[in-house]
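Everything below concerns the one structure shown next.
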Amino acid sequence: MRTFIAIDVNEEVKKQASEIIEKLMKRGFGATWVSEENMHLTLFFLGEVDEQKISEIAEHLCRRVRGFPSFSFTVKGFGYFKRKMSPRVFWLGVENTDRLMKLYEELRNELSHHGFSFEEKFVPHITIGRVKYYPDKWEKLIEDIDFPPIEVAVDRFKIYSSTLTPTGPIYKVLYECQFEGGLIRYA
């Protein structure tokens, strides 16, 4: 199954993000927009992993971060990744990431013991849309878009499955790892 590891964001972030998506749609941008229930900060995309292996990985990851102190990061700002001269992905920025980066490194080290390697640099962000089409002079149309700072408390991460459909991905929580409470298995 197609899997990834993520941190959920709070309702305030989801609400503000939805307002930005609405503005972008009204301004003529077309994208596969991320629904509120699917908004998250991806730590790792693992790809296809069989059920038995993901169970083992979840147990080891959770053991690795047991007792990790809870922390927060700030969601702030709006931006995009480009392909050539075109917007490819719209995202919300993430600041105050020292503890987030420590968590990322702990998980990355554990995942390396399970045969995973991650070559791309981790750039924390929250994807809100994968751009399909955009209007002329699109850069002018997003100059005034910003995201006010919102703090997100973190005391756990989740492992999700992702099923791709014509209307967008369907995410399902498989495991939740609470820093103080241990592993919770869904499914």
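From the backbone N, Cα and C atoms, a Cβ is placed for every residue, glycine too.
Listed in Swiss-Prot for this protein:
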type	residues	note
MOTIF	40-43	motif 'HXTX 1'
ACT_SITE	His40	active site, proton donor
MOTIF	125-128	motif 'HXTX 2'
ACT_SITE	His125	active site, proton acceptor
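For the motif 'HXTX 1' (40-43), same-chain residues at least 6 beyond its ends with a Cβ under 8 Å from one of its own Cβ atoms are 4-9, 94, 103-104, 107, 122, 124-127, 152, 157-158, 160. Broken down with DSSP, the motif 'HXTX 1' (40-43) shows 0 helix, 4 strand, 0 coil. Mapped onto DSSP classes, the motif 'HXTX 2' (125-128) shows 0 helix, 4 strand, 0 coil. Summarising model confidence by region, the motif 'HXTX 2' (125-128) averages a pLDDT of 98. Residue pair His125 (active site, proton acceptor) / His40 (active site, proton donor) shows a Cα separation of 9 Å.
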